[in-house]
Amino acid sequence: MNLFRALLTVSGFTLLSRVTGLARETLIARAFGASQYTDAFYVAFRIPNLLRRLSAEGAFSQAFVPILAEFKNQQGHDATKALVDAMSTVLAWALAVLSVVGIAGASWVVFAVASGLHSDGQAFPLAVTMTRIMFPYIVFISLTTLASGVLNTYKSFSLPAFAPVLLNVAFIAAAVFVAPHLKVPVYALAWAVIVGGVLQFLVQLPGLKKVDMVPLIGLNPLRALRHPGVKRVLAKMVPATFAVSVAQLSLIINTNIASRLGQGAVSWINYADRLMEFPTALLGVALGTILLPSLSKAHVDADSHEYSALLDWGLRVTFLLAAPSALALFFFATPLTATLFNYGKFDAHTVTMVARALATYGIGLVGIILIKILAPGFYAKQDIKTPVKIAIGVLIVTQLSNYVFVPLIGHAGLTLSIGVGACLNSLLLFLGLRKRGIYQPSPGWLRFFVQLVGAALVLAGLMHWCAINFDWTGMRAQPLDRIALMAACLVLFAALYFGMLWVMGFKYAYFRRRAK
């Protein structure tokens with residue numbers, strides 16, 4: 001498998017997902033701005049998203065994919081299919097029960113996540129109602145995650161990468177065609193989540209059928225629980241869930257703090273999140289997606305050299321592409337925010353608030369993306385306890401940082417704390433891989449960094465000049481001109497960065513690597 005071609009495939013569909021995601025956020029921003037309605041929706045949407053990351057997308061993927069790869073490479077098709085059927089049965093039934101409990105206790109859940117909304121007589125009940133509507137989303141997205149894990153293990157990356165686009169399409173359709181006809185327009189967004197969750201699973205069925213891995217959900221989850229592969233996955237999910245829950249606990253605490261910083265703070269951070277997740281998904285998630293199955297196979301084959309080489313390739317690609325992305329978030333935060341969101345009720349003040357959060361995200365972006373590359377180095381070896389221990393320490397540091405940064409820079413202090421924590425997390429993961437002899441750096445890193453820093457310094461200067469010499473919020477009345485200027489700047493940035501690297505003798509051929 002050509003790793004770079006696989007990366008381009010996943011990144012291409014992820015780019016489509018993020019573009020449609022930005023379109024959805026732009027429509028929501030234009031319709032609702034940063035108001036009690038958006039605060040209520042984003043708090044409500046964060047709840048099933050947190051549970052999704054805990055039970056499905058995060059802990060489940062980390063535990064399931066390495067074991068699935070082991071079954072595929074060592075036990076054959078029939079045993080692998082039996083594992084998929086049993087796992088889908090357990091997952092569907094467990095999360096269906098959790099959904100019922102969540103719907104019944106929605107008011108308590110919202111209070112726990114964003115107690116600051118409780119004093120708002122309108123936002124709190126809105127958040128509770130939308131939480132009840134969206135809770136079943138975790139059932140559909142868990143099946144989607146299982147399907148994605150299966151397809152990725154079979155080196156089929158296109159459909160899993162495309163699936164999130166359908167959630168954004170559902171949002172856009174709801175905002176444009178449904179919301180204007182509802183008494184409470186924001187409820188349309190909640191129903192879009194459910195529709196999008198169903199579509200994300202259905203679109204992957206053709207790919208599953210092609211490899212004869214369509215999951216069959218049984219009526220007896222207790223019998224499925226006795227499958228030895230399921231037992232192993234669940235045993236790995238315990239520390240994996242704890243690892244992911246530590247990160248999500250940090251998000252919950254930050255949401256709670258943001259809800260106490262005044263109206264709009266939750267939304268400011270959410271809009272910054274959308275922009276920060278753009279490079280994170282295009283690079284970090286895409287690389288993690290293609291590396292985990294290949295790392296798992298190298299582990300099963302006991303090929304330590306290939307294992308280390310895969311990590312080395314992933315780290316170099318990360319630094320190559322994450323560095324300019326981080327500079328863009330830091331130096332170009334206001335232009336990016338204004339171009340994408342400065343329409344309708346999204347005024348200049350909101351642009352400033354979002355840009356502050358986005359710029360501080362830029363400080364920690366490389367660390368955030370590196371985690372997506374380094375953590376699979378442990379997961380593929382079915383070692384989840386080490387990332388757990390690191391995550392606990394990082395949670396403490398992150399929250400202590402909030403006490404320092406939030407009083408100084410308000411809501412931007414929350415995003416800065418996340419970045420600081422991510423950098424510490426990635427450093428400790430790297431040291432752990434080196435200490436265990438899992439990763440041995442290939443020759444040429446010093447030259448690579450010298451070239452990278454040289455190109456980055458020149459790029460930073462150009463970005464800063466473009467940011468301060470154009471009135472990005474003042475171009476609100478000429479949106480097409482502003483979009484054209486943004487496109488021209490981004491093309492210029494890319495040409496300068498990669499051109500400078502080429503002038504300094506950078507070897508791009510290294511990145512055309514094949515996995516065994």
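Counting starts with 1 at the first residue shown.
Cβ atoms are placed via backbone N, Cα and C, with glycine included.
Database features, via Swiss-Prot:
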| type | residues | note |
| --- | --- | --- |
| TRANSMEM | 93-113 | transmembrane segment |
| TRANSMEM | 133-153 | transmembrane segment |
| TRANSMEM | 159-179 | transmembrane segment |
| TRANSMEM | 188-208 | transmembrane segment |
| TRANSMEM | 233-253 | transmembrane segment |
| TRANSMEM | 275-295 | transmembrane segment |
| TRANSMEM | 317-337 | transmembrane segment |
| TRANSMEM | 358-378 | transmembrane segment |
| TRANSMEM | 390-409 | transmembrane segment |
| TRANSMEM | 448-468 | transmembrane segment |
| TRANSMEM | 483-503 | transmembrane segment |
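In this chain, the transmembrane segment (133-153) lies in contact with the transmembrane segment (275-295); the count of Cβ pairs under 8 Å, excluding pairs fewer than 6 apart in sequence, is at least 3. For the transmembrane segment (317-337), the residues of the chain that approach it from at least six positions outside its boundaries are 7, 271, 275-276, 279, 283-284, 287, 351-352, 354-356, 358-359, 361-363, 365-366, 369-370, 373, 448-449, 452, 456, 459-460, 463-464, 466-467, 470, 472-473, 486, 489, 493-494, 497, 511, judged by C-beta separation under 8 angstroms. Sequence-distant contacts of the transmembrane segment (390-409) (same chain, at least 6 residues past either end, Cβ-Cβ under 8 Å): 243, 246-247, 249-250, 253-254, 257, 261, 356, 360, 416-418, 420-422, 424-425, 428-429, 432.
If you look at the transmembrane segment (159-179), the same-chain residues 6 or more away from its ends with a CB under 8 A from one of its CBs are 9-10, 12-14, 16-17, 20-21, 23-24, 27-28, 31, 144, 147-148, 151-152, 185-186, 188-189, 191-193, 195-197, 199-201, 203-204, 206-207, 286, 289.
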